[in-house]
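> First the structure, which I've put down as C-alpha coordinates, then a few questions once you've had a look.
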Amino acid sequence: MNITSEPFGTTKDGTPVTRYWLRDGACSAAFLTYGGVIQSLLIPDREGKPVDVVLGFEDPADYENQNCFIGAMIGRYANRIAGGHLTLDGQTLTFPLNDGIHHLHSGPAGFDRKHWTAKVLPDALELSLSSPDGECGYPGTITVTVTCRLEDGTLSLVYDADSDADTLCSLTNHSYFNLAGGGSVDAQTLQVAASAYAFQNAENVPDGTMAPVEGTPMDLRRPTVLGTLWAQDFDQIRRYRGIDHHYQADGSGFRPMAWASCPENGICLTVSSDLPGLQVYTGNALAAEHGKGGAAYAAHQGFCLETQTAPNPAVWPAEMRPILRKGQHYHTETKFAFTVRA
(Lines of atoms letter the chains of each structure in order from A and count residues from 1; the text may use other names and numbers.)
(Lines give C-alpha, C1' and ligand atoms only; values in the text may rest on other atoms or scores of the structure.)
Protein backbone atom coordinates (compact mmCIF):
# COMPACT_ATOMS: atom_id res chain seq x y z
CA MET A 1 0.00 0.00 0.00
CA ASN A 2 1.22 3.45 -0.95
CA ILE A 3 0.22 6.64 0.90
CA THR A 4 0.51 10.17 -0.47
CA SER A 5 -0.89 13.51 0.67
CA GLU A 6 -2.00 16.78 -0.89
CA PRO A 7 -3.63 20.05 0.24
CA PHE A 8 -7.43 20.08 0.25
CA GLY A 9 -8.14 23.75 0.91
CA THR A 10 -9.01 25.28 4.27
CA THR A 11 -12.01 25.38 6.57
CA LYS A 12 -13.85 28.64 7.28
CA ASP A 13 -11.55 29.43 10.21
CA GLY A 14 -8.49 29.17 7.96
CA THR A 15 -7.29 25.76 9.17
CA PRO A 16 -5.64 23.78 6.36
CA VAL A 17 -7.16 20.44 5.37
CA THR A 18 -5.02 17.63 3.98
CA ARG A 19 -6.19 14.74 1.82
CA TYR A 20 -4.37 11.43 2.19
CA TRP A 21 -4.57 8.85 -0.57
CA LEU A 22 -4.20 5.16 0.26
CA ARG A 23 -3.50 3.13 -2.89
CA ASP A 24 -3.34 -0.63 -3.27
CA GLY A 25 -3.40 -2.10 -6.75
CA ALA A 26 -6.38 -0.72 -8.65
CA CYS A 27 -8.13 0.46 -5.48
CA SER A 28 -7.66 3.76 -3.68
CA ALA A 29 -9.19 5.56 -0.70
CA ALA A 30 -8.94 9.23 0.25
CA PHE A 31 -9.20 10.50 3.83
CA LEU A 32 -9.45 14.10 5.00
CA THR A 33 -8.05 15.54 8.19
CA TYR A 34 -11.34 17.43 8.57
CA GLY A 35 -13.90 15.09 10.12
CA GLY A 36 -11.76 12.05 9.39
CA VAL A 37 -13.87 11.93 6.24
CA ILE A 38 -13.61 9.15 3.67
CA GLN A 39 -13.76 11.53 0.72
CA SER A 40 -13.30 9.01 -2.09
CA LEU A 41 -13.18 5.24 -2.51
CA LEU A 42 -12.28 4.08 -6.00
CA ILE A 43 -13.07 0.45 -6.85
CA PRO A 44 -12.68 -1.11 -10.33
CA ASP A 45 -15.88 -2.53 -11.86
CA ARG A 46 -16.18 -5.64 -14.03
CA GLU A 47 -14.72 -3.72 -16.98
CA GLY A 48 -11.81 -2.44 -14.91
CA LYS A 49 -13.20 1.10 -14.82
CA PRO A 50 -12.67 2.88 -11.46
CA VAL A 51 -15.94 3.77 -9.72
CA ASP A 52 -16.09 6.15 -6.77
CA VAL A 53 -18.47 4.24 -4.48
CA VAL A 54 -18.88 6.86 -1.72
CA LEU A 55 -20.57 10.25 -1.77
CA GLY A 56 -18.52 13.33 -0.98
CA PHE A 57 -17.44 16.85 -1.83
CA GLU A 58 -14.47 18.62 -3.40
CA ASP A 59 -14.38 21.57 -0.99
CA PRO A 60 -14.08 21.69 2.82
CA ALA A 61 -16.82 24.33 2.95
CA ASP A 62 -19.32 21.83 1.58
CA TYR A 63 -18.48 19.42 4.40
CA GLU A 64 -18.93 22.23 6.92
CA ASN A 65 -22.26 23.32 5.42
CA GLN A 66 -23.96 19.91 5.18
CA ASN A 67 -25.84 18.15 7.98
CA CYS A 68 -25.86 14.59 6.64
CA PHE A 69 -22.50 13.55 8.19
CA ILE A 70 -21.31 12.48 4.73
CA GLY A 71 -18.21 10.29 4.99
CA ALA A 72 -17.32 11.39 8.52
CA MET A 73 -15.94 9.63 11.57
CA ILE A 74 -18.61 9.76 14.29
CA GLY A 75 -17.96 10.08 18.02
CA ARG A 76 -17.73 10.07 20.81
CA TYR A 77 -21.20 8.53 20.65
CA ALA A 78 -22.77 7.35 17.40
CA ASN A 79 -26.51 7.68 16.84
CA ARG A 80 -29.31 9.12 19.01
CA ILE A 81 -29.77 9.78 22.70
CA ALA A 82 -33.44 10.49 23.38
CA GLY A 83 -34.17 13.91 24.83
CA GLY A 84 -30.47 14.72 25.05
CA HIS A 85 -30.02 13.32 28.54
CA LEU A 86 -28.77 10.12 30.12
CA THR A 87 -27.96 8.93 33.63
CA LEU A 88 -24.49 7.45 34.05
CA ASP A 89 -23.65 6.03 37.48
CA GLY A 90 -26.23 8.26 39.13
CA GLN A 91 -25.10 11.42 37.34
CA THR A 92 -27.46 13.00 34.82
CA LEU A 93 -25.64 14.00 31.66
CA THR A 94 -27.14 16.62 29.37
CA PHE A 95 -26.24 16.85 25.69
CA PRO A 96 -26.98 19.49 23.02
CA LEU A 97 -29.99 18.78 20.82
CA ASN A 98 -29.37 18.71 17.07
CA ASP A 99 -32.06 16.32 15.81
CA GLY A 100 -35.33 17.83 16.94
CA ILE A 101 -35.67 16.82 20.58
CA HIS A 102 -32.78 14.36 20.37
CA HIS A 103 -28.98 14.35 20.49
CA LEU A 104 -27.54 12.82 17.31
CA HIS A 105 -23.97 11.69 16.58
CA SER A 106 -22.58 13.69 19.54
CA GLY A 107 -24.21 16.98 18.60
CA PRO A 108 -23.15 20.00 16.53
CA ALA A 109 -19.51 19.72 17.63
CA GLY A 110 -18.94 15.99 17.27
CA PHE A 111 -15.88 14.31 15.82
CA ASP A 112 -17.29 14.91 12.33
CA ARG A 113 -16.56 18.62 12.87
CA LYS A 114 -13.04 18.20 14.25
CA HIS A 115 -9.61 18.46 12.68
CA TRP A 116 -7.89 15.11 13.08
CA THR A 117 -4.13 14.61 13.28
CA ALA A 118 -2.79 12.29 10.59
CA LYS A 119 0.27 10.07 10.89
CA VAL A 120 1.60 7.90 8.09
CA LEU A 121 2.63 4.45 9.33
CA PRO A 122 4.55 1.85 7.28
CA ASP A 123 1.31 0.04 6.38
CA ALA A 124 -1.52 2.37 7.43
CA LEU A 125 -2.80 5.89 7.99
CA GLU A 126 -3.50 6.79 11.60
CA LEU A 127 -6.03 9.52 12.41
CA SER A 128 -6.20 10.75 15.99
CA LEU A 129 -7.80 13.40 18.17
CA SER A 130 -8.46 14.28 21.80
CA SER A 131 -11.81 15.49 23.09
CA PRO A 132 -11.69 17.36 26.42
CA ASP A 133 -13.75 16.67 29.51
CA GLY A 134 -17.23 18.16 29.17
CA GLU A 135 -17.18 18.65 25.42
CA CYS A 136 -20.73 18.20 24.11
CA GLY A 137 -21.71 17.12 27.62
CA TYR A 138 -19.52 14.02 27.81
CA PRO A 139 -17.40 13.39 30.91
CA GLY A 140 -13.70 12.62 30.68
CA THR A 141 -10.95 13.55 28.27
CA ILE A 142 -10.93 10.90 25.58
CA THR A 143 -8.18 10.14 23.08
CA VAL A 144 -9.16 8.34 19.90
CA THR A 145 -7.25 6.79 17.01
CA VAL A 146 -8.59 5.30 13.81
CA THR A 147 -6.09 3.16 11.92
CA CYS A 148 -6.98 2.95 8.23
CA ARG A 149 -5.66 0.26 5.88
CA LEU A 150 -6.40 -0.66 2.28
CA GLU A 151 -5.34 -4.13 1.19
CA ASP A 152 -6.62 -6.54 -1.44
CA GLY A 153 -9.78 -4.55 -2.05
CA THR A 154 -10.60 -4.26 1.65
CA LEU A 155 -10.73 -1.02 3.62
CA SER A 156 -10.15 -1.67 7.32
CA LEU A 157 -10.94 0.80 10.10
CA VAL A 158 -9.57 -0.03 13.56
CA TYR A 159 -10.88 2.19 16.35
CA ASP A 160 -9.03 2.64 19.67
CA ALA A 161 -9.90 4.95 22.56
CA ASP A 162 -9.00 5.69 26.19
CA SER A 163 -10.67 8.02 28.69
CA ASP A 164 -9.52 9.44 32.02
CA ALA A 165 -13.09 9.16 33.39
CA ASP A 166 -16.09 6.92 32.82
CA THR A 167 -17.85 8.03 29.63
CA LEU A 168 -19.80 6.85 26.60
CA CYS A 169 -17.87 5.64 23.58
CA SER A 170 -19.33 4.29 20.35
CA LEU A 171 -17.38 5.12 17.20
CA THR A 172 -18.35 4.56 13.58
CA ASN A 173 -18.02 5.92 10.06
CA HIS A 174 -20.90 7.57 8.21
CA SER A 175 -20.01 6.93 4.58
CA TYR A 176 -22.84 6.90 2.06
CA PHE A 177 -22.29 4.10 -0.44
CA ASN A 178 -23.48 4.11 -4.01
CA LEU A 179 -21.92 1.18 -5.82
CA ALA A 180 -22.93 2.60 -9.20
CA GLY A 181 -20.98 5.78 -8.50
CA GLY A 182 -24.02 8.05 -8.66
CA GLY A 183 -27.74 8.37 -9.23
CA SER A 184 -30.41 6.39 -7.41
CA VAL A 185 -29.55 3.21 -5.50
CA ASP A 186 -32.99 1.76 -6.35
CA ALA A 187 -31.56 -1.13 -8.38
CA GLN A 188 -28.81 -2.04 -5.91
CA THR A 189 -29.32 -4.91 -3.48
CA LEU A 190 -28.77 -5.14 0.26
CA GLN A 191 -28.64 -8.14 2.59
CA VAL A 192 -28.25 -7.96 6.38
CA ALA A 193 -27.57 -10.96 8.63
CA ALA A 194 -29.92 -9.90 11.41
CA SER A 195 -33.00 -11.64 12.79
CA ALA A 196 -34.04 -8.58 14.83
CA TYR A 197 -33.99 -4.81 14.66
CA ALA A 198 -34.44 -2.03 17.22
CA PHE A 199 -38.11 -1.01 17.10
CA GLN A 200 -38.53 2.77 17.06
CA ASN A 201 -41.26 4.66 18.90
CA ALA A 202 -43.26 7.66 17.70
CA GLU A 203 -40.32 9.92 18.60
CA ASN A 204 -38.08 7.98 16.18
CA VAL A 205 -35.78 6.43 18.78
CA PRO A 206 -35.50 2.80 19.92
CA ASP A 207 -37.88 1.91 22.75
CA GLY A 208 -35.85 -1.03 24.08
CA THR A 209 -37.52 -3.72 21.97
CA MET A 210 -35.61 -5.93 19.57
CA ALA A 211 -38.37 -6.79 17.11
CA PRO A 212 -38.13 -9.90 14.91
CA VAL A 213 -37.78 -9.21 11.20
CA GLU A 214 -39.56 -12.45 10.32
CA GLY A 215 -42.68 -11.83 8.28
CA THR A 216 -42.08 -8.07 7.87
CA PRO A 217 -40.56 -5.85 5.16
CA MET A 218 -37.72 -5.21 7.62
CA ASP A 219 -36.41 -8.69 6.81
CA LEU A 220 -33.21 -8.19 4.81
CA ARG A 221 -31.76 -11.64 5.39
CA ARG A 222 -31.96 -12.31 1.66
CA PRO A 223 -30.73 -9.92 -1.02
CA THR A 224 -33.35 -7.19 -1.31
CA VAL A 225 -33.64 -4.67 -4.14
CA LEU A 226 -33.52 -1.34 -2.33
CA GLY A 227 -36.11 0.34 -4.55
CA THR A 228 -38.75 -2.13 -3.37
CA LEU A 229 -38.56 -0.75 0.18
CA TRP A 230 -39.55 2.89 -0.23
CA ALA A 231 -43.30 2.34 -0.68
CA GLN A 232 -43.78 -0.54 1.76
CA ASP A 233 -47.00 -0.12 3.77
CA PHE A 234 -45.30 -0.85 7.10
CA ASP A 235 -45.14 1.82 9.77
CA GLN A 236 -41.43 1.42 10.57
CA ILE A 237 -40.63 2.04 6.89
CA ARG A 238 -43.50 4.30 5.84
CA ARG A 239 -42.72 7.07 8.32
CA TYR A 240 -39.14 7.36 6.99
CA ARG A 241 -39.82 6.35 3.37
CA GLY A 242 -37.07 3.83 3.83
CA ILE A 243 -35.01 2.31 6.61
CA ASP A 244 -33.16 4.14 9.37
CA HIS A 245 -32.84 1.43 12.01
CA HIS A 246 -30.34 -0.51 14.08
CA TYR A 247 -30.09 -4.15 13.06
CA GLN A 248 -28.77 -6.48 15.77
CA ALA A 249 -26.46 -8.75 13.79
CA ASP A 250 -26.70 -12.49 14.24
CA GLY A 251 -23.76 -14.23 15.89
CA SER A 252 -20.90 -12.71 17.85
CA GLY A 253 -17.27 -11.79 17.41
CA PHE A 254 -15.86 -10.56 14.13
CA ARG A 255 -18.28 -11.64 11.40
CA PRO A 256 -19.85 -10.51 8.13
CA MET A 257 -23.01 -8.48 8.77
CA ALA A 258 -24.12 -6.96 5.49
CA TRP A 259 -23.71 -7.38 1.76
CA ALA A 260 -24.55 -5.00 -1.06
CA SER A 261 -24.24 -5.30 -4.82
CA CYS A 262 -24.72 -3.34 -8.02
CA PRO A 263 -25.98 -5.53 -10.89
CA GLU A 264 -25.09 -2.78 -13.37
CA ASN A 265 -21.32 -2.95 -12.86
CA GLY A 266 -20.76 -6.06 -10.74
CA ILE A 267 -19.31 -4.28 -7.69
CA CYS A 268 -20.10 -6.06 -4.42
CA LEU A 269 -19.51 -4.96 -0.83
CA THR A 270 -19.24 -7.05 2.35
CA VAL A 271 -19.26 -5.30 5.74
CA SER A 272 -17.76 -7.18 8.70
CA SER A 273 -17.30 -6.09 12.31
CA ASP A 274 -16.95 -7.28 15.90
CA LEU A 275 -19.65 -4.82 17.03
CA PRO A 276 -23.20 -5.89 18.00
CA GLY A 277 -24.87 -4.54 14.88
CA LEU A 278 -25.22 -1.70 12.43
CA GLN A 279 -27.46 1.22 11.52
CA VAL A 280 -28.96 0.65 8.10
CA TYR A 281 -29.85 4.03 6.64
CA THR A 282 -31.16 4.23 3.09
CA GLY A 283 -30.50 7.94 2.63
CA ASN A 284 -34.13 8.91 3.10
CA ALA A 285 -33.37 12.53 4.02
CA LEU A 286 -30.20 12.90 1.98
CA ALA A 287 -29.95 16.37 0.51
CA ALA A 288 -26.74 18.17 -0.42
CA GLU A 289 -25.56 20.37 -3.25
CA HIS A 290 -22.10 20.53 -4.82
CA GLY A 291 -21.30 16.82 -4.64
CA LYS A 292 -18.36 15.33 -6.49
CA GLY A 293 -18.63 15.60 -10.25
CA GLY A 294 -21.26 18.30 -9.97
CA ALA A 295 -23.82 15.96 -8.41
CA ALA A 296 -26.66 17.30 -6.28
CA TYR A 297 -27.43 14.54 -3.80
CA ALA A 298 -31.05 13.64 -3.11
CA ALA A 299 -32.97 10.97 -1.22
CA HIS A 300 -32.01 7.35 -1.92
CA GLN A 301 -28.81 8.19 -3.77
CA GLY A 302 -26.67 6.56 -1.09
CA PHE A 303 -26.98 4.13 1.81
CA CYS A 304 -25.10 3.86 5.10
CA LEU A 305 -23.99 0.74 6.96
CA GLU A 306 -22.81 2.16 10.29
CA THR A 307 -21.44 -0.54 12.60
CA GLN A 308 -22.36 0.26 16.21
CA THR A 309 -23.98 -0.63 19.51
CA ALA A 310 -27.76 -0.28 19.87
CA PRO A 311 -28.80 3.42 19.92
CA ASN A 312 -30.51 5.28 22.77
CA PRO A 313 -28.56 3.50 25.53
CA ALA A 314 -30.95 4.31 28.39
CA VAL A 315 -33.54 1.79 27.16
CA TRP A 316 -31.19 -1.20 26.97
CA PRO A 317 -29.76 -3.48 29.69
CA ALA A 318 -26.51 -2.29 31.25
CA GLU A 319 -24.43 -4.85 29.35
CA MET A 320 -25.58 -3.34 26.03
CA ARG A 321 -24.60 0.23 26.88
CA PRO A 322 -21.30 1.46 25.38
CA ILE A 323 -19.72 2.69 28.60
CA LEU A 324 -15.95 3.13 28.51
CA ARG A 325 -14.61 2.99 32.04
CA LYS A 326 -11.52 4.80 33.20
CA GLY A 327 -8.59 2.43 32.77
CA GLN A 328 -10.36 0.30 30.17
CA HIS A 329 -9.37 0.34 26.51
CA TYR A 330 -11.85 0.61 23.64
CA HIS A 331 -10.96 -1.42 20.56
CA THR A 332 -13.07 -2.48 17.61
CA GLU A 333 -12.66 -3.11 13.89
CA THR A 334 -14.84 -2.80 10.81
CA LYS A 335 -13.93 -3.94 7.31
CA PHE A 336 -15.43 -2.99 3.96
CA ALA A 337 -14.43 -5.67 1.44
CA PHE A 338 -15.04 -5.14 -2.28
CA THR A 339 -15.24 -7.79 -4.96
CA VAL A 340 -16.51 -7.84 -8.54
CA ARG A 341 -19.10 -10.22 -9.93
CA ALA A 342 -18.74 -11.08 -13.60
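Cβ from N, Cα, C; glycine included.
Curation does not apply to TrEMBL; its annotations are automatic.
Not my notes, these are from TrEMBL:
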type     : residues                                     : note
BINDING  : Asn79, Arg80, His174, Ser175, Tyr176, Asp244 : beta-D-galactose binding site
ACT_SITE : His174                                       : active site, proton donor
ACT_SITE : Glu306                                       : active site, proton acceptor
> So what sits near His174 (beta-D-galactose binding site) in its own chain, CB-to-CB under 8 Å and at least six residues off in sequence?
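Phe69, Ile70, Gly71, Ala72, Met73, Ile74, His105, Asp112, Cys304, Glu306 - these are the non-local Cβ neighbours of His174 (beta-D-galactose binding site), listed in sequence order.
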> Hey, what's the widest CA-to-CA gap across Asn79, Arg80, His174, Ser175, Tyr176, Asp244, the beta-D-galactose contacts in the record, in Å?
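Largest Cα to Cα distance for the beta-D-galactose-binding set is 18 Å.
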> 10 Å Cβ neighbour count around Asp244 (beta-D-galactose binding site)?
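For Asp244 (beta-D-galactose binding site), the 10 Å Cβ neighbour count is 19.
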> May I ask which residues of the same chain, at least 6 positions away in sequence, place their Cβ under 8 angstroms from the Cβ of Ser175 (beta-D-galactose binding site)?
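Listed in sequence order: Ile38, Leu41, Val54, Leu55, Ile70, Gly71, Cys304.
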